[in-house]
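Copied from Swiss-Prot, the annotated features are:
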type: DISULFID; residues: Cys34-Cys44; note: disulfide bond
type: CARBOHYD; residues: Asn63; note: N-linked glycosylation site
type: DISULFID; residues: Cys97-Cys109; note: disulfide bond
type: CARBOHYD; residues: Asn128; note: N-linked glycosylation site
type: DISULFID; residues: Cys177-Cys183; note: disulfide bond
type: CARBOHYD; residues: Asn199; note: N-linked glycosylation site
type: CARBOHYD; residues: Asn209; note: N-linked glycosylation site
type: REPEAT; residues: 222-241; note: repeat 'LRR 7'
type: CARBOHYD; residues: Asn241; note: N-linked glycosylation site
type: DISULFID; residues: Cys254-Cys267; note: disulfide bond
type: DISULFID; residues: Cys257-Cys264; note: disulfide bond
type: CARBOHYD; residues: Asn339; note: N-linked glycosylation site
type: DISULFID; residues: Cys469-Cys499; note: disulfide bond
type: CARBOHYD; residues: Asn512; note: N-linked glycosylation site
type: REPEAT; residues: 519-542; note: repeat 'LRR 17'
type: CARBOHYD; residues: Asn566; note: N-linked glycosylation site
type: REPEAT; residues: 626-649; note: repeat 'LRR 21'
type: REPEAT; residues: 651-674; note: repeat 'LRR 22'
type: CARBOHYD; residues: Asn668; note: N-linked glycosylation site
type: CARBOHYD; residues: Asn693; note: N-linked glycosylation site
type: CARBOHYD; residues: Asn730; note: N-linked glycosylation site
type: DISULFID; residues: Cys763-Cys789; note: disulfide bond
type: DISULFID; residues: Cys765-Cys808; note: disulfide bond
type: TOPO_DOM; residues: 838-1030; note: topological domain 'Cytoplasmic'
Amino acid sequence: MGPRCTLHPLSLLVQVTALAAALAQGRLPAFLPCELQPHGLVNCNWLFLKSVPHFSAAAPRANVTSLSLLSNRIHHLHDSDFVHLSSLRTLNLKWNCPPAGLSPMHFPCHMTIEPNTFLAVPTLEELNLSYNSITTVPALPDSLVSLSLSRTNILVLDPTHLTGLHALRYLYMDGNCYYKNPCQGALEVVPGALLGLGNLTHLSLKYNNLTEVPRSLPPSLETLLLSYNHIVTLTPEDLANLTALRVLDVGGNCRRCDHARNPCRECPKDHPKLHSDTFSHLSRLEGLVLKDSSLYNLDTRWFRGLDRLQVLDLSENFLYDCITKTTAFQGLARLRSLNLSFNYHKKVSFAHLHLAPSFGHLRSLKELDMHGIFFRSLSETTLQPLVQLPMLQTLRLQMNFINQAQLSIFGAFPGLLYVDLSDNRISGAARPVAITREVDGRERVWLPSRNLAPRPLDTLRSEDFMPNCKAFSFTLDLSRNNLVTIQSEMFARLSRLECLRLSHNSISQAVNGSQFVPLTSLRVLDLSHNKLDLYHGRSFTELPRLEALDLSYNSQPFTMQGVGHNLSFVAQLPALRYLSLAHNDIHSRVSQQLCSASLCALDFSGNDLSRMWAEGDLYLRFFQGLRSLVWLDLSQNHLHTLLPRALDNLPKSLKHLHLRDNNLAFFNWSSLTLLPKLETLDLAGNQLKALSNGSLPSGTQLRRLDLSGNSIGFVNPGFFALAKQLEELNLSANALKTVEPSWFGSMVGNLKVLDVSANPLHCACGATFVGFLLEVQAAVPGLPSRVKCGSPGQLQGHSIFAQDLRLCLDETLSWNCFGISLLAMALGLVVPMLHHLCGWDLWYCFHLCLAWLPHRGQRRGADALFYDAFVVFDKAQSAVADWVYNELRVQLEERRGRRALRLCLEERDWLPGKTLFENLWASVYSSRKTLFVLAHTDRVSGLLRASFLLAQQRLLEDRKDVVVLVILRPDAYRSRYVRLRQRLCRQSVLLWPHQPRGQGSFWAQLGTALTRDNHHFYNRNFCRGPTTAE
């Protein structure tokens, strides 16, 4: 074992004193290892804590109102854990000790909560104990307003559990008994268990295997959630006293299993059973959820008396026929939202859908969801009852396999704001339907030969780039359909349309300015993920009010060899402000310059600007004509360098420049003066290794600089000092080992954000960056938890405030350890070299010297051997094993009287806990002889072979032949080794006689062979046998 360096007690005392002084002065973050966030929240999430942190008395603990300990490993809560937090109102202990079924590795866990843990916090109002293995409700303070006990192991609720919680308003107990958190039965709510909670307004008991509504619920309830249990019968008595109820969710209790996304129990036949007066007395009900309930019809009497009903969810049922003829909606004049999604017929796609006339009585309806009903034609008659609804704003018809759609019908809806027809099969303007035959009164049509296009992954875009369509008055979503071409007649009567989404289609036509003629009010057009041919110079010029145009991911035409592309249409769009040409692999044969007086944001990421600028001056002024451009994204353009002349030809109005994920290994910082208005520069994800060439120029307006994800390991002193306007600096995920105040100078006081996380900081004793980060800790996000050490190895991955004081050694001790380690290294080099050059000579001399030592040659006495014989045989052969245990063992150990032998058997005498080789070696060397019982000698492997080799090794080392062979079958004599051994040492090879009269002689010969040295058995005509040197 190498030398060990010890710590001087005085050095440790000095370090402890320094740390205590720093904490007393308030320099360290107050709530280490957690982070103090605005509004009194202390965030301790995902820190792998095993106990509740006890914050220092110097910390402003009285100001803590919220404490979040989400996703740690706290298994025991003590009475004193929260006593010092006198103002605590919100406590989150979710995901600390999850039940085995919810644990990622299914490890069992049990959380222990001492009796006064929460009683010691009289101000506590909100407590979250979800996803913890607790079996009973702990003692709680009477100030509690919200309590979450979801996904726990609490299976019984009785009146004693919640006694005194008169202020409780919200109680959540979801998922305590379901397929992910299984139990033997169901959650038991004792009648009247919740009756004492006079202020309870919200109760959630979802996923608990309940078979009936709990009895004697408090009449103050306004929200009752009982979905995904097994309540298949509802009567007026179940909800008798809940007259204040405003929201009732009983969906998923009698499920439609052909559409289930998780384990599902089939609904019993002739169920569910809903009494006609079940909801009639709930006059204040505003929201009713009956989704996934296997409903085939709607009883008009169910909605009798529900004059205030505003939200009705009937999705995932079997109401495909009911939708066309029901009268149940006639009395729901205040209904605002109706969900009928996935009420499809199994394996049937309807040719047409005609809504029942009762839809026309929903005068207050604002949102109608009918996706997943599966009908193939959308015509004027389909939605006829909805035309007269004055407040209808949102209509969802996606995922219906619609292949023929008359889009002009939406022009008759004056108040419509959003129509979603995405994920259908619309391929163009509606054509006459070809009727083939009628089956069961249901019209069938030919389905298109093409399949529904697979939905590709959505591409995330910056929120501050393309406008959100929710801000416009009318939006039509036709994304993820089968459109190949666009004809203007598709959009007849849609002049009011302001936002049109056509992404993820297969549009491959050349747009020439005639496709969108009717859309005179269109302001946003999304054509991403298509195959548009931008050849004509008048593309989109029929849209005079177009403000945002997304042409990203239309790369196929740009990758075709020899095909030109005309981008001059940009100059002819007077209102265009946002344009995306991202991820089109644009590299050649395009317009030499983009021109626009109105464009303020351009996304040109995911192209090949490096090849364009490599063509001399051909594309050098590509962006110069965009006189009003403020935001430019040139990320992922394979740029290896950015010359000053390239920056000089960017618009001078530019304020935000993004150059993420290029290959930039060098940046000329002085060239930033060429962009006088630049405020944001994003260079993340490049290959910068140092900030050593100059510094940020003085007078720059730069406010945000992102250098994350590079390999920066060195920064020049004063590099950021002249950038007086810099407020946000991101240096995360680089190779920085320190953060020096000399980099910033006097401008450090202007920084609002300084991100240095994910750097391999070197946490040496007295590191200056710790003190500097403490001075600017208000600007460093995640300082206690995200800023971590990269070295030394003992601290790698730990917080910079978790420094081990034992690593801080004084100088003398450090030099001593260095000298000892240097000596050890030298010996480590010299010894193997000497062993390689003259190892045999050294070995010979060493053993020659040992031979002269007294008692070296003394042989080990027979009394040192623990066994007379180690019996080796093939356990896989049951006959051999039976002979050893019932014949050999009995004869040698039990029937020889005082001459009984001590045998070593593997299954009886080997020690558990040792390795196989350790037991084998001990058995061979602790036995006088090694007895091999063989039924055959041609295939010897495994334990037999290893034992034989050890016996041979003992022959070489101790010059003792310890092998004795017992042959159970005569044909085993065919082995050459057996024949040779029988000739040299006949008494050590014995054959088991199958005649009873010869067995007595066999046992006598075997006893002699095991008790005498084999040296006496060798045939002197051939050899003398092995001898032991004295």
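Note that Cβ sites are derived from N, Cα and C of the backbone, with glycine treated the same way.
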With DSSP as the yardstick, break the repeat 'LRR 7' (222-241) down into helix, strand and coil residue counts.
4 helix, 5 strand, 11 coil
Say you check the Cα of Asn199 (N-linked glycosylation site) against those of the recorded positions Cys44, Cys97, Asn241, Cys267; which is nearest?
Asn241
Long-range neighbours only, meaning 6 or more apart in sequence with Cβ under 8 Å: which ones does Asn566 (N-linked glycosylation site) have?
Leu534, Tyr535, His536, Gly537, Ser539, Val590, Ser591
Which of these recorded positions is closest to Asn241 (N-linked glycosylation site) if you go by CA atoms: Cys34, Cys44, Asn63, Asn209, Cys763?
Asn209
Same-chain residue ranges lying at least 6 outside the repeat 'LRR 7' (222-241) that approach it to Cβ under 8 Å:
174, 178, 186, 201-213, 216, 247-255, 265, 267-268, 271-275, 277-282, 289, 291
Just give me the nearest neighbour of Cys763 (disulfide bond) among the recorded positions Cys44, Asn209, Cys254, Cys267, Cα to Cα.
Cys44
May I ask for the distance between Cys177 (disulfide bond) and Cys34 (disulfide bond), taken between their Cα atoms and rounded to an integer number of Å?
34
Using a 10 Å cut-off on Cβ-Cβ distances across all protein chains shown, tell me which of the glycosylation sites (Asn241, Asn339, Asn512, Asn668) has the largest neighbour count.
Asn339
Of all the recorded positions given, namely Cys34, Asn63, Cys469, which is spatially nearest to Cys789 (disulfide bond) at the Cα level?
Cys34
Considering Cα atoms only, can you say which of Cys183, Cys254, Cys264, Cys267, Cys765 is the nearest neighbour of Cys34 (disulfide bond) among these disulfide-bonded residues?
Cys765
Please work out the mean pLDDT for the residues of the repeat 'LRR 21' (626-649).
94
Counts by DSSP class (helix H/G/I, strand E/B, coil) across the repeat 'LRR 21' (626-649):
5 helix, 4 strand, 15 coil
Which numbers of helix, strand and coil residues does DSSP report for the repeat 'LRR 22' (651-674)?
6 helix, 3 strand, 15 coil
How many Å separate the Cα atoms of Cys267 (disulfide bond) and Cys257 (disulfide bond)?
8
Counting Cβ atoms within 10 Å of each candidate's own Cβ, which of the disulfide-bonded residues Cys97, Cys267, Cys765 comes out highest?
Cys97
I'm trying to understand the geometry here, so how far is the Cα atom of Cys765 (disulfide bond) from the Cα atom of Cys469 (disulfide bond), in Å to the nearest whole number?
55
Can you check which residues sit near Cys254 (disulfide bond), meaning Cβ under 8 Å from its Cβ, same chain, 6 or more apart in sequence, and list them in order?
Val232, Cys267, Pro268, His271, Pro272, Ser293, Ser294
